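Over in TrEMBL, the protein carries these features:
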COILED    62-89  coiled coil
DOMAIN    112-253  domain 'Rod shape-determining protein MreC beta-barrel core'
REGION    261-337  region 'Disordered'
COMPBIAS  312-331  compositional bias 'Low complexity'
Amino acid sequence: MIFLLTVSVLMLVVSMYGARASAFEKAREMVLDLFEPVLTVFSMPINWVDNRVGDVGDYFNVLEQNEQLRAENAELRAWMQEALTLRQQVDYFKQMMDVKVADEASFVDAQVIGESGGPYQRSLIVNAGTGDGVEVGDGVIGTSGLVGHIVTAGKSSSRVLMLTDFNNRTPVFIEGIEVEAILAGRFQDDPELKFLATRDRAGIRPGMRVITSGTGGNLPRGLAVGEIAGITDEQITVRLFAQYNNTDFVRIVDYTFAEADPEQQEELEGGVIEEGGSPAGAAPETQAAPVGSAPEAGATQDAAANISTPSATEPVDAAPVAAPVAEAIAESGDVNG
């Protein structure tokens, strides 16, 4: 009985509280509905300020990221330029390995550091000089062919007279017809050939290869120069293999011209003169025939054959040799008469 009474009281209290709570919720919802437009109006500037503050923050973040990207981009560009330079050098050395020159030649690699020119001059400045073994007259080649030759050599730099310079004169050889000529600059990209005979001009055709002839001893024979480009009655021009606009690195060719040994040269010119005025190895003088007797057959020829030509460096008395020969010739004339 008491238990049932207690449960009834609790249920009554709960129902009364629920009714009150429901009334409170309804009142709150009505207030929210009434103040919703007001809250919306007041929230708009607040939201705008919040958005602007966020935009400003994003702007500074973008600026910071942009600066970082710029720094990374600059660093990458520097690496890219270094990579391109290294690749260019590698390509240069690969192409240089294909250039064939005489075995007597040695090389000095150099970089083009400047150009100098005038109305009739074209030259390059390279960063190699006498301290590196460079000498005046050395040939200079690029990746494709001959560029010019050294005309001025300092200790650490040199000036290269290019093939297109007005003062350039380079001995060349035209392959296919075995003709030599002089390549003369005329301050244009295609120098001309000079000192060609009329019979030689007739065999020249466009496209024929032009190389160095080796005449003069400064340049080895066989360096690629260019090819025949234009042929007219007035001139023959050569299209050069070397591209001067893209010449950043060159190779200086120090060529030693082959010379005969001095002793061999003297022997070729007439033999070495020994003491007494007779050339070394010369046959003894021919004994003259007695006066009044006819010389034996072939005596005149043998006497003339035994005369050795003296060296130009020492005078030789020719009287002991010439007298018997003259007597033999005179006696031969008397007999034949």
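Glycine is treated like the rest: Cβ placed from N, Cα and C.
TrEMBL: automatically predicted annotations, no manual curation.
Counted with DSSP, the domain 'Rod shape-determining protein MreC beta-barrel core' (112-253) comes out as 10 helix, 64 strand, 68 coil. Looking just at the coiled coil (62-89), the mean pLDDT is 80.
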